[in-house]
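> The following feature annotations were taken from TrEMBL:
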BINDING   Lys54  ATP binding site
COMPBIAS  335-347  compositional bias 'Basic and acidic residues'
COMPBIAS  367-384  compositional bias 'Polar residues'
COMPBIAS  464-479  compositional bias 'Gly residues'
COMPBIAS  488-497  compositional bias 'Gly residues'
COMPBIAS  498-508  compositional bias 'Low complexity'
DOMAIN    25-324  domain 'Protein kinase'
REGION    335-514  region 'Disordered'
Amino acid sequence: MAIAAPGQLNITESPSWGSRSVDCFEKLEQIGEGTYGQVYMAREILTGEIVALKKIRMDNEREGFPITAIREIKILKKLHHENVIKLKEIVTSPGPEKDEQGKPDGNKYKGGIYMVFEYMDHDLTGLADRPGMRFSVSQIKCYMRQLLTGLHYCHVNQVLHRDIKGSNLLIDNEGNLKLADFGLARSFSNDHNGNLTNRVITLWYRPPELLLGTTRYGPAVDMWSVGCIFAELLHGKPIFPGKDEPEQLNKIFELCGAPDEVNWPGVSKIPWYNNFKPTRPMKRRLREVFRLFDRHALELLERMLTLDPSQRISAKDALDAEYFWTDPLPCDPKSLPKYESSHEFQTKKKRQQQRQHEETAKRQKLQHQQQHTRLPPIQQSGQGHAQMRPGPNPPMHGNPPQVVAGPSHHYGKPRGPSAGPSRYPQSGNPSGGYNHPNRGQGGGNYGSGPYPPQGRGPPYGSSGMPGAGPRGGGSGYGSGAPNYSQGGPYGGSGTGRGSNMMGGNRNQQYGWQQ
Ligand SMILES: Nc1ncnc2c1ncn2[C@@H]1O[C@H](COP(=O)(O)OP(=O)(O)OP(=O)(O)O)[C@@H](O)[C@H]1O
C-alpha cells in the first residue's frame, strides 16, 4: 500500500487505495468507539461529501497491522451490494498524530490508517434506543428483509459475517440498511468448514453450537444472530441477555428447549455438550412466550432460532417466508421517517452524561440542604452568607440546583432514568439448570469451565457483555406488551401477496445475481 509522504495530500488524485492523506477530510465528530478503533463522521474537503472514517487502532499491535483490519478490507473489497457497507478507500496520516486536546498521541510515530466508508445516519441499536422509538410492523419487515438480502449475498459469496448485532446494522435516512463491521468475517467453503474459532459473535447473539464448542460451522451461525435481532425488534429488548457463556446457554435452553439427539442429531458429540447439558428437562417455550407475536412472525422466528444448525432456516429461504408476503407488507425504505442521527456510541454517551448531571444535581441539592441546616440564625443578617461563598458553586437560593449543560448533541429530549425503562435491564440472578463443573460454588464463577481465557477484549470479555457499557443481563420475557402493533403509520400499504412495495415477485427481489 502506498503511504502518503508528509505534506502530500494527493487531494485531487483519484483515490488509489492508501495514496491519500486523512487531511483530505475534516473530522466532524466521533460517532463510534469500537474494539478496534474510533469512528468519525467527516467531510471530504474537495467534494463536501460526508463519510465515516474508521481509524485502525495500532497501539496494541505488536505484530504490525491488525489481522481484523486486513480481513475487513480484504472482504469488503470483494463485496458490492446495496445492503453491505461500501468501503470507499483507505487513507493514511503520515505525520505525528494529535489527540483531541492537541497533544501528540502514543501512536504518533507509526502514522494512522483509516478506512473511509459511506456515511450512515444510524445504527439499529442507536435508533431503537431513541426515546419513544417504536417500529411499525412494516418497518420491521423492511429492515429484516434488507438484513436478510445483504446476508444472503454474503453467504452466496462464501463470507460469514460472524458479528451480526444491532450496532453493526447501519441505517441511513433513506431507510437503507447495510451490514457493517466485517472485522470478524471470514471466507468459508461449502465443502470444508472445519477448524474455525468458536470465539466469535457477540455473546447475546451467539448460537448454541458455538457456545457448545463446535469448530465446524457455516452460515447458520449468522442466521441465529438474525433470529435474535428479529425477536428483539418485535419484543422491544434483547431476548438472551446472558452475562457469561453458561448463563447464555441456559437462557437459550429455557426458551428453545434443551438439545438432545432427537431435536439435534449429533449434538452429544460437540466438545462441551457434556459440560453444559441441562440437568432437568427443559421444554421449548418459544410459542408460549411470544404468543402475542403475529403467526407468520412466530413461524419464521421458530425456524431462525432452531437449535440444530443444519435445520435452521437459510437467509434465502427466510426471504421467501410468508411473513414477508402477507399484509402489512414491508414498506418502501424511502417512506420511512427521517430521524436525527443516532449511533449506539452517542446514545450511550448521552445517557452517561445525563447520569452525571443527575448525580451533580443531587450532590448540589444535598450540599444546599446541609448548608441550610447548618446556618446559624445570624446568617439572615448576611454574615453567614459570606462563609458559604468560597466554593466555586455558590448555592442559589430559590433556584433549582444548577445542572451543567452537556456538550451539544443532536437530540432534543434528554433521556434519563425518568424517560422510561432501559432496553437493557439490570442483571438478574443466573438460574441454574445446566451441568457445570463450578455449579453450586456460588458467585457465578465459571472460570474453570471449558472456555479458554478470553483474549480479544470487549465482545468476548469476561463480562460477556456485547460491547462496553452499562448493559446488564436479566431475562424479561412477557414483561410488558411486545413492541408489535398491527398496522401503524407504514402498515396500510398492502397490495397482496406477490407484488409488494419493493416491486417484483418473490424471485425477483434480490437485485443481484449469484
Ligand atoms: N459507515 C458508517 N457510518 C456511520 N456510522 C458508522 C459507520 N461505520 C461504523 N459506524 C459507527 O461506529 C460504530 C462502531 O463501528 P464498527 O462496528 O465498524 O467498529 P468496531 O471497532 O469493529 O466495533 P465493535 O467493537 O462494536 O465491533 C458502529 O456501531 C456505528 O455506530
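Numbers run from 1 along the shown chain.
Glycine is treated like the rest: Cβ placed from N, Cα and C.
Heads up, TrEMBL stuff is auto-annotated, nobody curated it.
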> Using DSSP, what's the helix, strand and coil tally for the compositional bias 'Basic and acidic residues' (335-347)?
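The counts are 5 helix, 1 strand, 7 coil.
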> In sequence order, which same-chain residues at least six apart have a C-beta under 8 angstroms from Lys54 (ATP binding site)?
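Lys54 (ATP binding site) has long-range Cβ partners Gly32, Gly34, Gly37, Gln38, Val39, Tyr114, Met115, Phe117.
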> Please work out the mean pLDDT for the residues of the domain 'Protein kinase' (25-324).
92
